[in-house]
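A.B. asks: Relevant sequence annotations retrieved from TrEMBL are reproduced here:
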BINDING   Met46, Ala194  substrate binding site
BINDING   Arg121, Thr167  ATP binding site
Amino acid sequence: MQDQTTAGNLLRTMRANSPLVQCITNFVAMNIAANVMLAAGASPAMVHAEEEAGEFAAISGALTINIGTLSSGWLAGMLKAARSANNAGKPWVLDPVAHYATAFRRKAVAQLLELQPTIIRGNASEIIALAGGTSRGQGVDSRDAVEQAEDSARLLAEKHGCIVAVTGVTDFVTDGQKAKRIAGGSPFMPQVTALGCSLTCLVGAFAAATTNAPFEATVAALAVFAVAGTQAGAAADGPGSFSWRFLDALASLTPEVLDREARVTVA
Ligand SMILES: Nc1ncnc2c1ncn2[C@@H]1O[C@H](COP(=O)(O)OP(=O)(O)O)[C@@H](O)[C@H]1O
Ligand SMILES: Cc1ncsc1CCOP(=O)(O)O
Ligand SMILES: [Mg+2]
């Protein structure tokens, strides 16, 4: 029988469903993340107000929460949305942007972790710090290698019963037991702001489109970024042209090419 959980098949399913994803992201990411989602075939909605975030989570296929430009009003909306997603049985993804930088962020992330995200996606410095290690992160940017964050990712996944994705040159995804690495992408990617935030939203789209397969959904979303990133990077002259080429590559990526080009290995 054909494997329904290859990245290509999950991309086909995701596009067929075009899932509504509530993206509580940050002011920097809102526009590019929505464009990335539309190019890939998902249906994003940037809804964060405390007055409506919980109600909206109940009608969305998945929720993503990113603390990049946090304020107390947004945090209230995030907590309501996460509780509502849990009550409705919807997956939700946490992106702990620069959570190590201030006491406000550290406390917010602790509150969000108590609500048991389905998936955590962060860069290496964020994942190392989230597991209690000493990271070299500077603001929103990672200064650690993914390889150094792999043990932290496994620990976090076990502790919180979730999937953890660490991104960088070669990405790593684990449920605490099994793990995969996804190679590809482009050195231009960390030079374009909010691509990690956009990827978190896309992980939400794949999680919404799969039933009880958050590990495979996460691997598929990361593989889409890796293959489209490689394609865009090969033709780009710099981060500016990479940006629009990346959107085009996402939109034109076929499930067949994704399965052929994806460099996914068991870790
Ligand atoms: N040097 C690199 N080479 C290839 N791909 C990269 C590189 N750095 C980041 N990426 C890719 O960029 C995307 C965003 O990841 P990352 O930069 O780690 O997130 P963040 O923006 O949250 O720090 C991921 O798809 C990741 O694989
Ligand atoms: C620059 C910046 N400042 C606050 S959030 C943000 C965007 C971070 O995006 P990413 O985590 O994808 O690099
Ligand atoms: Mg980030």
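Each Cβ is built from the backbone N, Cα and C atoms, and glycine gets one as well.
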A.B. asks: Rank the binding-site residues Met46, Ala194 by how many other Cβ atoms lie within 10 Å of each Cβ and give me the one with the fewest.
C.D. replies: Met46
A.B. asks: Near Thr167 (ATP binding site), how many other Cβ atoms are within 10 Å of its Cβ?
C.D. replies: 28
A.B. asks: Can you list which of the binding-site residues Met46, Arg121, Thr167, Ala194 have their Cβ under 6 Å from some atom of ligand 1?
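C.D. replies: Cβ < 6 Å from ligand 1, in sequence order: Thr167.
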A.B. asks: Determine the Cβ neighbour count for Arg121 (ATP binding site): the number of other Cβ atoms within 10 Å of its Cβ.
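C.D. replies: Result for Arg121 (ATP binding site): 31 other Cβ atoms within 10 Å.
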A.B. asks: Please check the binding-site residues Met46, Arg121, Thr167, Ala194 against ligand 2 and give me the ones with CB under 6 A, sequence order.
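C.D. replies: Cβ under 6 Å from ligand 2: Ala194.
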A.B. asks: Measuring Cα to Cα, how many Å separate Met46 (substrate binding site) from Thr167 (ATP binding site)?
C.D. replies: 23
A.B. asks: How big is the gap, in Å, between the Cα of Ala194 (substrate binding site) and that of Arg121 (ATP binding site), rounded to a whole number?
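C.D. replies: Distance between the two Cα atoms comes out at 13 Å.
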